[in-house]
Amino acid sequence: MATSSSILLLAALLALVSWQAIASDPGPLQDFCVADMHSLVRVNGFVCKNPMKVNADDFFKAANLDKPRVTNKVGSNVTLINVMQIAGLNTLGISIARIDYAPLGQNPPHTHPRATEILTVLEGTLYVGFVTSNQPAPNRNKFLSKVLNKGDVFVFPVGLIHFQFNPSPHQPAVAIAALSSQNPGAITIANAVFGSDPPISDDVLAKAFQVEKNTIDYLQAQFWENNHN
């Protein structure tokens, strides 16, 4: 009986370790695995390019991240550099983004399903925050927020809904964010809920948000613009 218990305990520990091992981008088993964007093979990520054909340009992009971007109607523009722009990022588990904010602009509530984000303010001031998950009280949907000034750093944990807002009516703001995935993904909450294709039933959304269906119909009729480039 003791032997069986030991085996079960060992199996449980191995399962836990395995789960932790796959909870983020898989670690590289070689110096690099430059993405072969032309391969017809489909894997979790991208197939490696022949290392004999790899060159410095596979790790480079003239991204002009020092240049300001035009913001959209929510007052922001996210310029993401991930594996789709730099093939050498494949398997390395990191991306970077420049975020421009117009006066009173925001990067609206969204989540990155595959990445933790660390953000630093380069110019201006930002009001930022995130909401915890539906865990037991008293931490259920707890809202944590902070006002950031130039040079300040803030972390948004993986998968949690978060935002950034420029409170200044006169000055723009700029931030740089690093994300712990070669392809972090972004789900903007309003766009996903009210701008899905095809639309989610207004009966479902009216019940979920406890409002009249005509309110949902109005929201679904809006143009939900993407601020991620």
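Using the three backbone atoms N, Cα and C, a Cβ is placed for every residue, glycine included.
Sequence-distant neighbours of His112 (oxalate binding site): residues of the same chain at least 6 apart with a C-beta under 8 Å from its C-beta are Phe156, Val158, Gly159, Leu179, Ser181, Pro184, Gly185, Ala186, Ile187. Sequence annotations record features per position, and here TrEMBL assigns oxalate binding site to Asn107, His112, Glu117.
Annotated Mn(2+) binding site per TrEMBL: His110, His112, Glu117, His162, in sequence order. Under a cutoff of 8 A between CB atoms, and with a sequence separation of 6+ in the same chain, the neighbours of His162 (Mn(2+) binding site) are Pro109, His110, Thr111, Glu117, Val128, Gly129, Phe130, Val131, Phe156.
The disulfide bond annotation in TrEMBL covers Cys33-Cys48. Cys48 (disulfide bond): 18 other CB atoms within 10 A of its CB, across all protein chains.
The domain 'Cupin type-1' annotation in TrEMBL covers 63-217. Note on the domain 'Cupin type-1' (63-217): mean pLDDT across this stretch is 96.
The signal peptide annotation in TrEMBL covers 1-23.
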Extra residues within 8 Å (Cβ to Cβ centroid of Asn107, His112, Glu117), oxalate: Ala97, His110, Thr111, Ala115, Leu119, Phe156, His162, Ala177, Leu179, Pro184, Ala186
8 Å Cβ shell about His110, His112, Glu117, His162 centroid, Mn(2+) site members excluded: Thr111, Ala115, Phe130, Phe156, Leu160, Ile161, Pro184, Ala186
Cβ neighbours of Cys33 (disulfide bond) where a neighbour is any other Cβ within 10 Å: 21
Integer Cα-Cα distance in angstrom, Cys48 (disulfide bond) to Asn107 (oxalate binding site): 34
